[in-house]
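K.L.:
For reference, Swiss-Prot lists these features for the protein:
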type: ACT_SITE; residues: Cys151; note: active site
type: BINDING; residues: Ser14, Gly15, Tyr16, Ala17, Asn315; note: NADP(+) binding site
Amino acid sequence: MSTEKKTVAIVGGSGYAGGEFLRLALGHPHLEVTQVTSERSAKLPVSMVHPNLRGATNLKFRKAAELEEADIIVLALPHNSAAKRITEFEAKGKVIVDLSADFRLKDPEVYERFYGEPHPAPEQLGQWVYGNPELHREDLRGATRIACAGCFATSVILALYPLLRLGALAPKDIIATGLVGSSAAGASASESSHHPERAGSLRVYKPVGHRHTAEAQQELPGKFPLHLTAISTPRVRGILTTIQAWVPDGWSDKDVWSAYREVYGQEPFIRIVKVAKGIHRYPDPMLLDGTNFCDIGFEMDVDTGRVVLMSAIDNLVKGTAGHAIQSLNVAQGWDERAGLGFLGLHPT
């Protein structure tokens, strides 16, 4: 394997997702970020927008029209923007990683149903690998088009996948509720992100019809009815998802444990969290700030056969930029953990 670093250009680097990819890439042993674009922050030092990167880079933002070629193009644009300009970006780099939802879905009709308009480049759908190494590691090897998985979808998919893959859930509705940090809404200000409206608030913002439902339905084995509800929380980072599902008669904790161990036993970023005592018995997104881990827990109701699954991630890392880096590592044949070694903080 060559030790020469791959050059990276980040398009839309002033937002939270692009900034998080930049943070991780600056510490990556095989990546060299050479360009970061932003229309609103052009000519400003990157550290003016991302103050946590002071002293880590001397890069300045440039306009996308000034984008030069790079080995890897990372698109951190608003949804529906990358698809409209994809041929422009394909001319700039061999490998493209998209952090938006533009290329995650394979079916243009499903895209239109969930996003409310026809896909701008339907011929592209199906050409991109869904950026979830836990499910698509082999597909990602050598991939040049990676569509990063959605954050809420990631928390749902990773919790459910082992049980569905092994046929371990009864054929009943699956209900997932996600408590989501404010950074998932992006860096642009809105009425709902205004401090007097958001601070201290727990607000249901998508009780039905969440767009990430389509991703989860596409990626998970089987065709169970799946229902997602999203609730905004006062936290900045993190998603804590609880999922109500049902196991076959006679199943116990040990059976659920065995399913997770069988599927995730060798996964570098999946941790099963189920401790008998203490305040950290189950997954907690506070402990995952800045990390690429997905912590998964569960509890059985033996009287009803209901199993409550819990998953926690940092929405900007495992839910976006970290998952993208992990996918890129697999695609390039690097150590899957490269650039993703941060273990989190406690207390925070």
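Including glycine, each Cβ sits where the backbone N, Cα and C put it.
Give me the structural setting of these features: burial, nearby parts and distances.
P.N.:
For Cys151 (active site), the Cβ neighbour count at a 10 Å cut-off comes to 26, with all displayed protein chains included.
Counting Cβ atoms from all protein chains shown, Gly15 (NADP(+) binding site) has 21 others lying within 10 Å of its own Cβ. In the three-state DSSP scheme, Gly15 (NADP(+) binding site) falls into the coil class.
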K.L.:
Comparing the binding-site residues Ser14, Asn315, which residue's C-beta has the most other C-beta atoms within 10 angstroms in this structure?
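P.N.:
The most densely surrounded of these binding-site residues is Asn315.
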K.L.:
Which of the three DSSP-derived classes (helix, strand, coil) applies to Cys151 (active site)?
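P.N.:
The residue in question, Cys151 (active site), is helix (DSSP, three-state).
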K.L.:
State, in Å as a whole number, the widest CA to CA span among the NADP(+)-binding residues Ser14, Gly15, Tyr16, Ala17, Asn315 given in the record.
P.N.:
17
K.L.:
In sequence order, what residues of the same chain, 6+ apart, have a Cβ less than 8 Å from the Cβ of Tyr16 (NADP(+) binding site)?
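P.N.:
Counting only residues 6 or more apart in sequence, the Cβ neighbours of Tyr16 (NADP(+) binding site) under 8 Å are Ser183, Gly186, Ala187, Leu316.
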